[in-house]
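A short write-up of the structure that comes next.
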Amino acid sequence: MQFPESWLRTFVDPQLTTDELSHALTMAGLEVESLRPAAPPTEKIVVGRVLEVVKHPDADKLNVCQVDAGTGATLQIVCGAPNVAPGIKVPVALVGAKLPPAEEGGAPFAIKLSKLRGVESQGMLCSARELKLSEDHSGLMILPEGTPVGQDIREALNLDDTVFEIKLTPNKADCLSVFGIARETAAITGAPLAAPDIRPVLAELTETLPVKISAPDLCGRFSGRVIRGVNARAKTPHWMVERLERAGQRSVSALVDISNYVMFELGRPSHVFDLDKIHGGIDVRWGKRGESLKLLNGNTIELDETVGVISDGAQVESLAGIMGGDSTAVTLDTTNIYLEAAFWWPDSIRGRARKYNFSTDAAHRFERGVDYSTTVEHVERITQLILDICGGQAGPVDDQIVSLPQRAPVSMRASRANRIIGVEIGEDEIAQIFTRLGLAFERDGDVFRVTPPPHRFDIEIEEDLIEEVARIYGFEKIPARPPVAKSEMRATDETRRSVHAIRHALAARDYAETVNFSFVDAEWERDFAGNDNPVRLLNPIASQLSVMRTTLFGSLVGVLRHNLNRRAERVRVFEAGRVFVADPSVKAGELAVEGYAQPKRIGALAYGPVVEEQWGTATRQVDYFDVKGDLEALLAPVPARFVKAEHPALHPGRSARIEVDGHAVGWIGELHPRLMQKYELPHAPVMFEIDTDALVARALPAPSEVSKFPPVRRDIAVVVDQKVEVQALFDEMKKALADDACKFVQRVALFDEFRAKSNTSGGLSAHEKSLAFRVTLQDAAGTLQDETVDQAIQTLVDRMARVYGARLRG
């Protein structure tokens, strides 16, 4: 937001210097990025009147001018500007004057007594560009007729004015105007605010333009009026051009300048249509697929049902709240106009300009929220300026209200405000702050019930009001105190470990931590979670980050692709983050949003060689069992079951559901071949995702006696049907450990699998497989006898034979 200080002080004039005012605004949250003079330093440049103009005797493009510069003697100045004429008033650089340098950092341009083609020139007539006031170099800068001859140009044009540039946060849409800044300045400093004097314009016509609002979710209020007989060629007043240019807006034409001026003055974007180019009435509606519109910037865009438009009986005329169309644009030949000012719902404008790769001042304001109570008032203001400058006759204001925001009161507890701000602010002082801010409130004890005004779209919760109290009270008045807390030793819960410890454990297993956005592409949710109805964001920062994730798999694959694109060959990453799942059973709370569960999960991905390449070890790609081993180490000493199951993101034959104590806690497996092909991955990564709670919980360590006697190891090979899962056999052997005969069994591990290549290979049928297990037994009290070991092995085999038809391989 850029504006001249002189414009601001027409609304509020605190007894502060420019620097003090800048500091006050910054400390109240309106950061002043820069202060710069309206014009560079100049010397001996005054207002002069051209008395006579004659052709140069020796140059076709030069004129010899007689100029009254208030010096007491007429000056002869040679000038080549095409618009020089007797009677005009222009800036005159006297001999000895210093003009701003032509290039930044250069030396000032000194004016000397000189001869041009043999004719003496006693100075120079200046253009706006030569004074560094604008880029206009089409001719001399012509000053208003009432400007005193001989007056210093800095005084005549207020060139010692200061231009403020303020960096506004997105919530401060109410400050996107000079009056909005003035309103804040009055609240901050206590200086009186002079509101603009806007009076209704007398309607000399009865004509109105038929308006239909077909989309109340697009436009809540639409105000407009017909004005006939305007002179579009009228010259914009110098004072308006000056303010616009110092606000960063170049002058275009009187009608356009007036619309822009009121936008900068009051914060209300408006649009002026050429009435004679409108076919019938206008309809405010959503666009339709297949429609197109040529905009004022010359671009032709394709419309759809997500963007709002203003159309007439023949075609679309404007991109609602963003930019007008070329077909109804005003020109210098326009004589009849339709003036429009509306309230557009912020959600209906937000992101639409970015969709077409451009931005406008109107969209910037409307997508943040513009006062919906002042559309008629602003139409009256624009109308009066048009009639004053361009003439014409106005019709009545047609004001249609279909749906406006319902502003519910927001409660703030004074006690909580004091606790958060860290300083005691009295309730009466809080009441004064709200009054200065123009916030209507009711008091009930220490509770303030504030009704947000129509121009404040940023006040929704208690913390918003606390922020208002803090910044108007003054951040500088809040003492800097070090935090004070009790220093006490708390007992450590040995049945739980921190997520920080889990992250360290993964890092120790050669996984690098990554942090990703919780919002992802909707396509990722379909691919990696099979979710066609994700939690959608109301205001995504980008179209590819429009939904909340329900799995970490997509984020991890995204990191993998990023690294592969940079020639990484081995990638092992993990993330500890939240996912967001719709769950009607979740109630609202301090850290909960009603209807949405936000569990924290740990996800990891391994890709490429198992270990870095080295001369003593053969290179092989990481597989399911490598990552399964990492996960088992992470869960230890808690045993986990890996049950064959299918997940949308994982290979149907190489994936499993992770279960702990009979509860599903996560997934593990290779990436689905379909996704591997879609995301152009040379090899399949292996991934797992598990609830953090399953990793955090752990049993108390129980010391056990270390046996003095050696363990006994026996290998058994059993033949089972190929459909029998190894996990099922492990489950049965685990049940057998409850038998007294198996009390010395310490561990059972699979070390080999064999499948027949033909019907008679290895004594196996085509539908059978051989599984080899290594059983470790140990007794802490003595050496195990062969009879005891044989009995334990036989018990395990009998159990598998009874349930799954297993037999010992001969």
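All residue numbers here begin at 1 and follow the chain in the order shown.
Each residue, glycine too, has its Cβ placed from N, Cα and C.
Classification of Glu467 (Mg(2+) binding site) by DSSP places it within a helix. If you look up Swiss-Prot, you'll see Asp458, Asp464, Glu467, Glu468 marked as Mg(2+) binding site.
Each residue in the domain 'tRNA-binding' (39-154) has a pLDDT score, and their mean in this model is 89. Marked as domain 'tRNA-binding' by Swiss-Prot: 39-154.
What Swiss-Prot records for 405-480 is domain 'B5', and it gives sequence analysis as the kind of evidence.
Sequence annotations record features per position, and here Swiss-Prot assigns domain 'FDX-ACB' to 707-809.
Contacts of Asp458 (Mg(2+) binding site) defined by a Cβ separation under 8 A and a same-chain sequence distance of 6+ are given as Asn171, Lys172, Ala173, Asp174, Asp464, in order along the sequence.
The 10 Å shell around the Cβ of Asp464 (Mg(2+) binding site) contains 16 further Cβ atoms across the protein chains shown. For Glu467 (Mg(2+) binding site), other Cβ atoms within 10 Å of its Cβ number 17. Other residues of the chain with a Cβ within 8 Å of the Cβ centroid of Asp458, Asp464, Glu467, Glu468, the Mg(2+) site, are Asn171, Ile459, Glu463, Leu465, Ile466. DSSP labels the residues of the domain 'tRNA-binding' (39-154) in these numbers: 2 helix, 48 strand, 66 coil.
Within 10 Å of the C-beta of Glu468 (Mg(2+) binding site) there are 25 other C-beta atoms, taking all protein chains into account.
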